[in-house]
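Summarising the annotation, TrEMBL assigns ATP binding site to Asp454, Lys455, Thr456, Glu549, Phe590, Lys613, Arg646, Thr726, Gly727, Asp728, Arg861, Lys867, Asn890, Asp891. Per TrEMBL, the feature Mg(2+) binding site maps to Asp454, Thr456, Asp887, Asp891. Per TrEMBL, the feature compositional bias 'Basic and acidic residues' maps to 46-55. Taken from TrEMBL, the feature region 'Disordered' applies to 1-55. Look at TrEMBL and you will find 142-161, 339-362, 389-408, 944-965, 977-997, 1027-1046, 1066-1084, 1091-1118, 1138-1156 tagged as transmembrane segment.
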Amino acid sequence: MISERDSETTFEEDSQPNDEVMPYSDDETEDELDTQQPGAEPGQTHSDRDTQESRDTLRKDCSWQVKANDHHFYQQPQFKRTIFLCFKRSKYKGNAIKTYKYNPITFLPLNLFEQFKRAANFYFLVLLILQSIPQITTLSWYTTLVPLLLVLGITAVKDLVDDIARHRMDNEVNNRRCEVIRDGRFKSTKWKDIKVGDILRLKKNTFIPVSALDTWFLVLQSPKPIPLSFLLRETNLKFKMALEVTHRYLQEEGAMANFDGLVECEEPNNRLDKFAGTLFWRNTSYSLDADKILLRGCKLRNTDFCHGMVIFAGADTKIMKNSGKTRFKRTKIDSLMNYMVYTIFLVLILLSAGLAIGHTYWEQQVGNSSWYLYDAEDFSPPYRGFLNFWGYIIVLNTMVPISLYVSVEVIRFGQSYFINWDLQMYYPEKDTAAKARTTTLNEQLGQIHYVFSDKTGTLTQNIMTFKKCCINGQRYGASLQRHPEQVDFSWNMYADGKFSFYDHYLIEQIKAGKDPEIHKFFFLLAICHTVMVDISDGQLNYQAASPDEGALVTAARNFGYVFLSRTQNTITLSEMGTQRTYDVLAILDFNSERKRMSVIVRESGGNIRLYCKGADIVIYERLHPRNPKREATETALDVFASETLRTLCLCYRDITPEEFEAWNKKFLEASVATTNRDEALDKVYEEIEKNLILLGATAIEDKLQDGVPETISRLSKADIKIWVLTGDKKETAENIGFSCELLTDETTICYGEDTSALLQTRLENQRNRAGSSAHSSLGMNEPFFQDSRDRALIITGSWLNEILLEKKKKKKKKLKLKFPRIAEEEKKQREKSHRAEAYKEQQQKNFVDLACECKAVICCRVTPKQKAMVVELVKKYKKAITLAIGDGANDVNMIKTAHIGVGISGQEGMQAVMSSDYSFGQFRYLQRLLLVHGRWSYIRMCKFLRYFFYKNFAFTLVHIWYSFFSGFSAQTAYEDWFITLYNVLYSSLPVLLVGLLDQDVSDKLSLRFPRLYVLGQKDLLFNYKKFFLSLLHGAITSLIIFFIPYGAYLKTVGQDGEAPSDYQSFAVTAATSLIFVVNFQIGLDTSYWTFVNAFSVFGSIALYFGVTFDFHSAGIHVLFPSGFQFTGTAPNALRQPYLWLTMILSIAICLLPMVAQRFLAMTIWPSESDRIQRHRRQLVAEEQQWKRRPSAFQRGVSTRRSAYAFSHQRGYADLIASGRSIRKKRAPLDAVLGTSVPEPRAAPTL
């Protein structure tokens, strides 16, 4: 019996998800949830005993060892992994990227192997082998070889071009250069040669090597922030700080070359916000956390240079771990097409078997008694039937269209270029054109049911603008004029030329200087922040921790209160042209729980004053009871919120010196706390932030991209549901929902707690009905909402985990005695797990059903993994086609999970674009991508496939009817060369052009009538019903093509007394009739005629006659007597008027019923597109006069308020207070690397 510490899962029934908190990291372990490690201070050291304890605690995680400047270290046996048999390789990845598939040696075998994995290609390879057996084949080998080589060649060339592009891209990235220590000095090195443990030097405005590194920076030379726009999808700037010890001692090049520190840290993972490790150097250990790590894709900004050691490289980097699995995406039509090809295979086998049985019977009844049919082979009738089975497999092989796949690829390739060339999807401001990054998904763009969109940078511009304010109860910013004149800020030498404001009265009040509250208001905006300033070319450049904060400081700057510079303890402002410096006594930084920030300053007169700004809900709780402008400001907040502006309140209070001294002692004690430092500081902050005097409120606009409301409205009319998945706070996401018209005042909003209650009730009802299968099935289909009101669901990531049973469970340790489990206990455990899994699956299905009943769904505060999970659930339970659109790296997983991923080239870098299937510059282009290109592509592809199957059935089934008159002998009804060239030359071009160019209505009408899009969502244009109708149509056409010439040839004599009823003349007549019918049929199916379409139809017919007369000439027969045996057939047969009348009769009988059917359908049962086509001239005229509705969104006063949409993370208060953030005049880089004694440098920020 063994006593051990075991774990037990517990639930906290009364715990409620926190809407304000982002859920835990996606792959955070349960042990990490249970064990909260206190954060260590930068540069903090531990004794060996303490270090050993901490190492033991994280031993299982910190198994990744990196030693600086020692490549031999990684060749040790413990770092080797077996890759195949006895072959081993280091577990540390190289930094070279490889996206290509082939090299010159492997291209041909690998490409052929991949192509022959396709069932159709492999089938034709088998046919080619069978045709080499004389006893089986009745067709020449070239009838299969020529089309097969053409298909393989076109596909191989396409794959080769794609792979050459990948080679070039890889070479461009891998051969970029970076400075790395080699042989004791920094040398320029290619990115692909960078290894784990190398020491790098990065310079200002350079990126960490792409797809290369997560780098730990040891020495950082400047205080300026580095934006993580490529990784954390934010343009607001973050900072990083080096360890004090490495910052101090690793200044010189020689010191860095001799650095031999060992880092023990966690294995490569996808946790962007966490890092745990230890540096061992000079017999001392130093704690490492996420603040010491700079992730791949970051850009060094306003920092002259920095040095770092490579911890992870290549595929081990966090961004690569977060990118998700690359999924091979196939369209719904692809899957359906494959099933139809399998159906054709089955029909082919059954037909061949039936005809083989017919030949066996015919041999027994006729063949054995006909001496003139003796072929010197004494085969039994069953054996001859067996050989004929394979003969018919060869003869009827054109039922399986070998050129289908390559034709589909050509059409998709052309459609992709049409998207790339669409000037109406070109974004001139950033010189960004639409780009189809794949050629396999175009028609699926016409079948989308659900669009999952990111918010920031996708729906919005991610650019904050100061719009309005309320000062001392008076609102400013609204202009009464219809066309207001912009305020002239030319009087202000520091004014930002991009800033615009339209209320001249506020400027007059500021210049008058009579209202002290206005002075305090803008003074607060200029001094209460953690913005850092950089002066370049005489211009002030602000670097803010959030776009909101930058917008506020910029607004104060334009109104005459300019933030100029700061030191560790002072801040310098220009107040209406007068420069003043103030002592900053304390910065009370922002965090997501406080929702506010404050500064305490000593003014010129010695007065101490606290200035605070924050969310209204927290500011109003801390106001002094006597605030006369409280109600007026609250009214202004309601007005701003009704306009979907992001608001915050401004306030202040005076502090006596005695009160400040007493508080400052507590503040200093909390600042140096080694445990629970943040909690201690928040408690101290609460003591001073009270009895505040309200100054007013600001209103900031996160402006929507142009055309977002119109785009969402059109997509909604096309029955496409829009879900917004964002990491922003609930209030912010809700307000954006109103501004982009996803939500209206008539919309009933359900939140997480409402949804949880509804789902719990549904689950209990389902359990109660489980005993009765009939009632249970009825309960499953009941709607959640009985009335017809519009509803929207707004749910946070925490509630999402709670509802979907994805919440990580904390472990409670208790002492248990472990006994061996008996079989019954194991069975019970399995049943328990099965019930839990079934419960979870039912809950998830119920949630998807509930969400899909809502008009709109907004998921906020969700992680990248949760975004992908939501998309996966809709795919799983609704079987619907999904599209995900985003602009940042945390949208990559969602983009890869959806059937179609769209990336926006925006403020967030190129990670989303690189992982997407389609990309463009603005969200509004999505409507054109779906409603125009998507719908056209779907219609074209469906029309192409229906016609392709039809023409192949019409062509092939003639052989079957001919078999009844040829003893089922597997003889062909056509000439061999006609069989070879039918799909290649005679009938391919018209249908390809229809697949590329056809359109039922124009692009403008497609956008004007979004309901036309519903056809693709319902799969109305191509399904098994349409397939069998095409088969039936082809069978009827083949009957007409065969039996009318057959009847006309019976007992006939030509005009010159010669009998035209020989086999070769019949073959030419049937083939000519077929060419006319199939080409005229595609003409009937064409909705959009151009010169190219007309040329292709009549050109294909002319080409047929030209090739046929050439192949039937005596000259080519003399050169190749065995290959061309229809000598003179076409000239002799086609000069008979009788045969031309026969062909005309065949063509008329085939086509006239189709013409009548189309006429009746358009007259009696017209479709939506038919009605639009009928009135298209009138509609086009209206289109020219039709004006788009105004995009400005107005709605009535609402009780909802915009959230304080400040930075989700702490600002730069710690950095500023440390004194390491202030730019000092320093020596050039070469001097720094000299022998002078180094001084402590500033930390970089990220």
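Count begins at 1; order follows the chain as displayed.
Here the Cβ of each residue, glycine as well, is placed from N, Cα and C on the backbone.
Outside the transmembrane segment (1066-1084) by six or more residues, the chain places 947, 950-951, 954-955, 958, 973-975, 978, 986-987, 990-991, 994, 1037, 1041-1042, 1044-1046, 1049, 1093, 1097-1098, 1100-1101, 1104, 1108, 1126, 1129-1130, 1133-1134, 1139, 1142-1143, 1146-1147, 1150-1151, 1154-1155, 1158 with a CB less than 8 A from a CB of the stretch. Within the chain carrying the transmembrane segment (339-362), a Cβ under 8 angstroms from the stretch's Cβ atoms is held by residues 119-120, 123, 381-382, 384-386, 388-390, 392-393, 396-397, 399-401, 404, 949, 960, 963, 967-970, 1024, 1027, all 6 or more beyond its ends. For the binding-site residues Thr456, Phe590, Arg861, a Cα to Cα distance of within 10 angstroms from Asp891 (Mg(2+) binding site) holds for none. For the transmembrane segment (1027-1046), the partner stretch with the most Cβ pairs below 8 Å, chosen from 142-161, 944-965, 977-997, 1091-1118, 1138-1156, is 944-965.
Asp891 (Mg(2+) binding site) is surrounded by 33 other CB atoms, counting those within 10 A of its CB over all protein chains shown.
Cβ contacts within 10 Å of Gly727 (ATP binding site), excluding its own Cβ and spanning all protein chains shown: 25. Note on the transmembrane segment (389-408): residues 118, 120-121, 123-124, 127, 130-131, 133, 136-139, 144, 147-148, 150-151, 154-155, 337, 341, 344-345, 347-349, 351-353, 355-356, 941, 944-945, 948-949, 952-953, 955-956, 959-960, 963, 970-972, 979, 982-984, 988, 991-992, 995 of its chain, located 6 or more positions outside it, place their CB under 8 angstroms from a CB of the stretch. Its Cβ placed at the centre, Asn890 (ATP binding site) has 25 other Cβ atoms within 10 Å. Contact between the transmembrane segment (944-965) and the transmembrane segment (977-997) is supported: at least 3 Cβ pairs lie under 8 Å, counting only residues 6 or more apart in sequence. Between the transmembrane segment (1091-1118) and the transmembrane segment (1138-1156), the number of CB pairs under 8 angstroms, six or more residues apart, is fewer than three, so the stretches are not in contact. Just so you know, the Cβ of Arg646 (ATP binding site) picks up 26 other Cβ atoms within 10 Å once every protein chain is counted. Using a 10 Å Cβ-Cβ cutoff, Arg861 (ATP binding site) registers 27 neighbours. For the transmembrane segment (142-161), the residues of the chain that approach it from at least six positions outside its boundaries are 101-102, 107, 111-112, 114-115, 121, 124-125, 127-128, 131, 394, 397, 402-403, 405-406, 409-410, 413, 976, 979-980, 983-984, 1123, judged by C-beta separation under 8 angstroms. If you take the Cα of Gly727 (ATP binding site) and the Cα of Asp887 (Mg(2+) binding site), they are about 13 angstrom apart, rounded to a whole number. For the pair Asp887 (Mg(2+) binding site) and Arg646 (ATP binding site), the Cα-Cα distance reads 22 Å. Taking the Cβ of Asp887 (Mg(2+) binding site) as centre and 10 Å as the limit, one finds 30 other Cβ atoms among all the protein chains shown.
Note: Asp454 (ATP binding site) has non-local neighbours Val724, Leu725, Thr726, Ile885, Gly886, Asp887, Gly888, Asp891, Met894, i.e. same-chain residues 6+ apart with C-beta under 8 A of its own C-beta. Around Thr456 (ATP binding site), taking its Cβ as the centre, 26 other Cβ atoms fall within 10 Å, counting all chains. The number of other CB atoms found within 10 A of the CB of Phe590 (ATP binding site), across every protein chain shown, is 26.
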